[in-house]
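Asks: Annotation source Swiss-Prot lists signal peptide at 1-22, citing sequence analysis. Swiss-Prot lists 45-148 with the feature domain 'Cadherin 1', giving sequence analysis as the kind of evidence. The annotation topological domain 'Extracellular' is assigned in Swiss-Prot to 45-598. Annotation comment: Swiss-Prot describes Asn58, Asn154, Asn360, Asn440, Asn522, Asn534 as N-linked glycosylation site, evidence class sequence analysis. Residues annotated as Ca(2+) 3 binding site in Swiss-Prot, with similarity to another entry given as evidence: Asn142, Asn144, Asp174, Asp176, His183, Asp228. Residues or ranges marked as domain 'Cadherin 2' in Swiss-Prot (evidence: sequence analysis): 149-255. The domain 'Cadherin 3' annotation in Swiss-Prot covers 256-370. Positions annotated as domain 'Cadherin 4' by Swiss-Prot, on the basis of sequence analysis: 371-475. The domain 'Cadherin 5' annotation in Swiss-Prot covers 476-592 and is backed by sequence analysis. Marked as transmembrane segment by Swiss-Prot: 599-619. The region 'Required for interaction with PALS1' annotation in Swiss-Prot covers 620-659.
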Amino acid sequence: MQVLVMLLAAAGTYLGLLTAPTAASNPGRQDTPSTLPLHRRQKRDWIWNQMHIDEEKNGSLPHYVGKIKSSVNHKNTKYQLKGESAGKVFRVDENTGDVYAFERLDREKIPEYQLVALVVDKNTEKNLESPSSFTIKVHDINDNWPVFTQLVFNASVPEMSVIGTSVIQLTAVDADDPTVADHASVIYRLKEGEEHFRIRGPGLIETASKNLDRETVPMYKIVVETQDAQGLRGDSGTATVFITLQDVNDNFPVFTQTRYTFSVPEDIRVGSPLGSLFVKDPDEPQNRKTKYSIVQGEYRDTFTIEPDPTRNEGIIKPMKPLDYERIQQYSFTIEATDPTIDLRYLSGTSTKNIARVIINVTDVDEPPNFKQPFYHFQLRENEKKPWIGSVLAVDPDAAQRSIGYSIRRTSDKGQFFGINKHGNIYNVKELDREVYPWYNLTVEAKELDSRGTPTGKESIVQVHIEVLDENDNAPEFAKPYEAKVCEDAPQGKLVVQISAIDKDVTPRDVKFKFSLSTEDSNFTLTDNHDNTANITVKHGYFDRERAKVHHLPILISDNGRPSLTGTSTLHVTVCKCNERGEFTLCEEMGAQVGVSIQALVAIFLCILTIAVISLLVYLRRRLRKQARAHGKSVPEIHEQLVTYDEEGGGEMDTTSYDVSVLNSVRHGGAKPPRPALDARPSLYAQVQKPPRHAPGAHAPGEMAAMIEVKKDEADHDGGGPPYDTLHIFGYEGAESIAESLSSLGTDSSDSDIDYDFLNDWGPRFKMLAELYGSDPREELLY
């Protein structure tokens with residue numbers, strides 16, 4: 001019974017499926033009861049076949065695609081296509097609705113086309129039906145081969161990788177439709193390099209050998225070919241892959257030599273490169289972890305070997321100073337290894353490599369060596385000793401030359417000490433610890449040859465001399481005290497509390513004792529036994545008229561050995577006070593007036609400067625008076641100052657010619673004969689006067705006397721203006737007798753004056769001759 005029910009249900013489902021398409025194909029229809037009328041309006045629909053076309057279709061164009069058909073039956077019906085490709089790629093027969101393709105189609109360029117179908121009236125061009133959109137799909141054919149995304153690939157993989165290590169993922173693309181079976185599937189195949197690599201899966205390259213050694217072959221080139229499932233391949237279906245092997249630390253260092261020999265001087269600096277130990281390690285620098293060590297010999301603390309991965313070498317450096325006199329040769333065995341290497345990469349290779357190193361030390365003339373790095377001596381102050389301490393330096397070389405000692409005078413402290421040829425230090429003056437408690441000396445040791453001459457090799461050492469204290473300073477006040485007391489102070493009034501210090505080294509148990517040097521009538525000193533003392537009023541009530549300041553000599557003693565006692569004076573000022581005991585009037589003790597040496601020196605220099613200035617003024621005035629006494633005025637003397645670039649002849653420049661001759665010629669006089677030089681020296685040129693009894697002279701006696709009188713008056717006229725005084729004339733010009741006094745406005749020139757006689761006066765007057773003489777070249781210009 002249950003089986004029958006299940007069969008009936010299945011039959012009902014099947015009938016429902018059969019009736020569903022009918023309903024779907026007529027969406028405009030509605031089921032109505034049989035009682036309703038059967039007359040209703042039916043909608044017109046487009047009718048055409050499914051539009052599909054193969055790409056790259058063979059045959060002559062055009063190619064039939066399909067038919068569009070409308071349910072409208074009208075004799076004037078016309079079909080049209082609209083769209084981007086309508087009229088170019090696709091056309092429709094306006095009468096039948098057949099659609100044709102007029103070009104070969106490529107699905108990889110355009111997989112489908114969207115068009116719009118129209119049905120219009122031929123006469124009116126009006127739409128008889130609503131436009132309908134439809135699609136023409138291009139069917140794919142297997143007309144494309146796989147193409148790599150790039151022609152060259154670069155990849156890397158560590159050397160000595162295990163088989164199956166991924167290297168790179170290649171990608172090739174087939175432009176065909178992937179939904180069509182086997183059209184877009186890609187098959188990869190190695191064309192070159194299959195002995196070291198392989199392809200697994202879709203383009204994954206893996207290692208196929210475990211012996212990929214970068215030091216043997218650093219790079220591999222493989223060629224990969226692609227094709228689709230149907231075996232279609234082309235020129236673009238291959239790609240080249242360059243695979244670089246990455247270096248790993250898989251090689252041990254090996255010495256390039258089994259024996260290394262070096263020769264170095266004994267004065268090589270500690271830490272300086274001594275030599276290089278080259279090793280062979282084909283790994284790259286970042287994987288060279290060479291470790292050098294000394295395996296045989298007792299010199300592990302004498303030398304060190306620092307690796308240099310870049311140059312693939314180990315650098316030997318001394319850790320201690322070398323001494324030829326002690327060891328002339330070092331011989332030891334070294335080992336090179338790499339502790340970071342992966343032992344899985346080794347194949348029977350030794351993990352260690354050894355070599356022999358021999359270092360020969362050569363002798364160098366070294367400076368003297370002091371036995372100690374520094375010296376410390378002690379000396380009591382106020383003591384002069386012929387020997388404080390000794391320094392000792394020796395020649396480390398085999399020659400064992402003698403040594404000379406000296407103290408560098410780097411400061412004034414060095415003048416207190418001396419050193420003899422044996423290195424014994426002594427003081428030449430007594431020392432005061434309170435001035436300098438320490439003396440730091442620099443002692444030089446110089447190597448001397450057989451004649452006692454320094455060879456240039458020297459060394460220095462620091463010597464520290466400590467001055468020990470002696471009780472040679474008496475105690476004194478700790479500070480200056482300004483004690484004051486009221487004139488009506490009562491008995492027992494505390495005036496001031498005093499304390500003491502000692503410039504000597506003060507021990508913890510130092511004790512100072514205080515006492516008055518003389519008994520005072522009105523002050524009392526009380527020792528507190530704690531290195532302080534109180535000064536109090538003894539009777540009270542002071543008289544300011546009798547004494548405004550009281551001077552108390554106080555004795556202060558220490559407990560040193562020997563005990564010293566010092567005297568310090570305390571000055572107590574008596575002041576007027578108010579009722580509250582406040583000081584209202586005090587006369588402080590004036591400081592002693594004195595003049596220091598510096599002030600005296602300054603005063604003396606000022607007095608000396610004033611005296612020198614006064615003397616210079618006096619000498620200048622005296623020289624001016626002497627010049628006037630010679631009978632020459634200042635303007636005449638000034639006229640004889642001739643400036644030129646040639647060397648002068650001293651007094652001969654003033655005695656060899658007469659300035660008055662030049663003046664007479666400049667004022668239009670005739671050319672005079674050259675005067676004879678006077679044999680005796682003269683300060684001024686002698687004026688060549690005409691003889692007293694020359695023919696044509698009028699009244700020679702009277703005229704000569706008058707000229708002499710006028711000349712003396714002019715020479716001794718102290719009230720006359722100086723020669724460089726500016727003369728101001730009230731009127732000047734054409735209406736004046738003198739007209740213009742300026743040389744710029746005159747029409748006359750000195751061209752008619754003959755100065756050729758200057759050429760006869762010698763080379764000293766060459767400059768004047770060139771300035772005033774005629775130039776023969778000027779005559780050629782006219």
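Placed from the backbone N, Cα and C atoms, the Cβ positions cover glycine too.
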Asks: Other Cβ atoms within 10 Å is the metric here; tell me which of the glycosylation sites Asn440, Asn522 scores highest.
Replies: Asn522
Asks: Between Asp228 (Ca(2+) 3 binding site) and Asn154 (N-linked glycosylation site), how far is it from one CA atom to the other, in Å?
Replies: 24
Asks: For the domain 'Cadherin 4' (371-475), what does DSSP give as the number of helix, strand and coil residues?
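Replies: So the domain 'Cadherin 4' (371-475) is made up of 5 helix, 50 strand, 50 coil.
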Asks: Please work out the mean pLDDT for the residues of the domain 'Cadherin 2' (149-255).
Replies: 86
Asks: Which one, from the recorded positions Asn58, Asn142, Asn144, Asn154, Asn534, has the smallest tally of other C-beta atoms lying within 10 Å of its C-beta?
Replies: Asn58
Asks: Nearest by CA distance to Asp176 (Ca(2+) 3 binding site): which of the glycosylation sites is it, out of Asn58, Asn154, Asn360, Asn534?
Replies: Asn58
Asks: Which of these glycosylation sites is closest to Asp174 (Ca(2+) 3 binding site) if you go by CA atoms: Asn154, Asn360, Asn440, Asn522, Asn534?
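Replies: Going through Asn154, Asn360, Asn440, Asn522, Asn534 one by one, the Cα closest to that of Asp174 (Ca(2+) 3 binding site) is Asn154.
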Asks: For His183 (Ca(2+) 3 binding site), list the number of other Cβ atoms lying within 10 Å of its Cβ atom.
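Replies: His183 (Ca(2+) 3 binding site): 20 neighbouring Cβ atoms within 10 Å.
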Asks: In the domain 'Cadherin 2' (149-255), how many residues does DSSP assign to helix, to strand and to coil?
Replies: 3 helix, 49 strand, 55 coil
Asks: Across the domain 'Cadherin 1' (45-148), what are the DSSP residue counts per state (helix, strand, coil)?
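Replies: The domain 'Cadherin 1' (45-148) comes out at 0 helix, 49 strand, 55 coil.
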Asks: Of the residues in the domain 'Cadherin 5' (476-592), how many are helix, strand and coil by DSSP?
Replies: 0 helix, 54 strand, 63 coil
Asks: Sort the recorded positions Asn142, Asn144, His183, Asn360 by C-alpha distance from Asn154 (N-linked glycosylation site) and give me just the closest.
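Replies: For Asn154 (N-linked glycosylation site), the spatially nearest of the recorded positions is Asn144.
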Asks: Over all shown protein chains, what is the count of other CB atoms within 10 A of the CB belonging to Asp228 (Ca(2+) 3 binding site)?
Replies: 21
Asks: If you compare CA-to-CA distances from Asn360 (N-linked glycosylation site) to each of the recorded positions Asn58, Asn142, His183, Asn522, which comes out shortest?
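Replies: Given the candidates Asn58, Asn142, His183, Asn522, the nearest one is His183.
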Asks: At the Cα level, what's the spacing in Å between Asn440 (N-linked glycosylation site) and His183 (Ca(2+) 3 binding site), rounded?
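Replies: Here the two Cα atoms lie 101 Å apart.
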Asks: Whole-number Å distance between the CA of His183 (Ca(2+) 3 binding site) and the CA of Asn58 (N-linked glycosylation site)?
Replies: 19
Asks: Of Asn58, Asn142, Asn144, Asn522, which is closest to Asn534 (N-linked glycosylation site) if I measure between C-alpha atoms? They're all recorded positions.
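Replies: With Cα distances computed to Asn534 (N-linked glycosylation site), the winner among Asn58, Asn142, Asn144, Asn522 is Asn522.
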